[in-house]
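Asker: Below you will find the structure I want to go over with you.
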Amino acid sequence: MSVLVITGTGTEVGKTVVTAAIAALAPGRVAVLKAAQTGVAAGEDGDVAEVARLAGPVTAVELARYPEPLAPATAARRAGAPPVRPAQVAEAARELDREHDLVLVEGAGGLLVRYDDGGTLADVAVALSAPVLVVAHGGLGTLNAAALTAEALRARGVECAGVVVGSWPSAPDLACRCNLDDLPEVTGAPLLGVLPEGAAADPAAFGDIARAGLAPALGGRWSR
């Protein structure tokens with residue numbers, strides 16, 4: 001099975017851009033699975049559409065959509081809609097894996113955001129025995145959030161594949177620069193890339209940006 005689960009240390013850290021960058025560089029057939037899209041109305045483009053816009057041809061699958069920008073379980077309850085359950089997400093990933101070389105499962109928010117009454121993205125990773133890539137922001141406060149995410153993965157016996165900074169500022173401050181050294185230490189996982197802020201602005205240049213910003217383990221050429 002070639003499934004990679006992508007989570008973040010929180011919202012707006014660049015998960016979708018990182019997912020698109022990995023998809024853009026991956027050889028073979030790629031599927032992107034978004035279990036629950038929140039904060040997007042019917043008919044509007046969601047995260048999987050953004051991945052396809054940036055990465056090119058991928059199989060894009062969205063299991064559920066809720067209009068309010070809330071945690072999936074809360075958004076489903078308020079919409080009067082059924083929640084997405086981790087078992088459903090895992091089964092959808094397995095089905096996609098049968099016909100694709102890589103399946104990227106993008107979470108909503110952080111690792112322990114609830115999909116239903118108790119299930120989270122961590123439960124999806126456990127069910128799939130899949131590694132998890134953590135997307136973090138680069139600035140002050142990221143070390144604690146990244147360390148807690150890695151600790152939650154270890155407690156469940158899930159491999160933390162690495163950390164990627166999803167939106168690196170054009171003028172990084174001292175905290176940002178120090179965090180590049182400290183993130184691998186506090187998570188016990190390799191730093192696998194740093195994507196610049198605004199990476200999604202130009203789809204024509206996105207492949208080059210992805211290649212420059214991701215480490216060889218993810219198909220790029222970035223290194224510390």
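Note that Cβ sites are derived from N, Cα and C of the backbone, with glycine treated the same way.
Just so it is clear, the model here is predicted, and its values are computed rather than measured.
In case it's useful when we look at the structure, here is the feature table from Swiss-Prot:
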- 12-17, D47, 106-109, 166-167, 196-198: ATP binding site (BINDING)
- T16, D47, E106: Mg(2+) binding site (BINDING)
- K34: active site (ACT_SITE)
- T38: substrate binding site (BINDING)
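Help me see these features in their spatial surroundings.
Answerer: A strand conformation is recorded for G109 (ATP binding site) in the three-state DSSP classification. The number of other CB atoms found within 10 A of the CB of G109 (ATP binding site), across every protein chain shown, is 22.
Long-range neighbours of D47 (ATP binding site) (same chain, six or more residues apart, CB within less than 8 Å of its CB): K15, T16, T19, K34, Q37, E62, E106. In the three-state DSSP scheme, D47 (ATP binding site) is classed as helix.
DSSP assigns K34 (active site) to a strand.
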Asker: Between E197 (ATP binding site) and T38 (substrate binding site), how far is it from one CA atom to the other, in Å?
Answerer: 23
Asker: Counting Cβ atoms within 10 Å across all protein chains shown, which of the binding-site residues G14, G107 comes out on top?
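Answerer: That would be G107, with the most Cβ atoms nearby.
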Asker: With an 8 Å cut-off on Cβ distance to the T16, D47, E106 Cβ center, who else from the chain surrounds the Mg(2+) site?
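Answerer: For the Mg(2+) site the neighbour list reads I6, K15, T19, A20, V32, K34, G46, V48, E50, V51.
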Asker: Over all shown protein chains, what is the count of other CB atoms within 10 A of the CB belonging to E12 (ATP binding site)?
Answerer: 11
Asker: May I ask for the distance between S167 (ATP binding site) and T38 (substrate binding site), taken between their Cα atoms and rounded to an integer number of Å?
Answerer: 21
Asker: What whole-number Å value do you get for the CA-CA distance of G107 (ATP binding site) and T38 (substrate binding site)?
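Answerer: Cα of G107 (ATP binding site) to Cα of T38 (substrate binding site) measures 11 Å after rounding.
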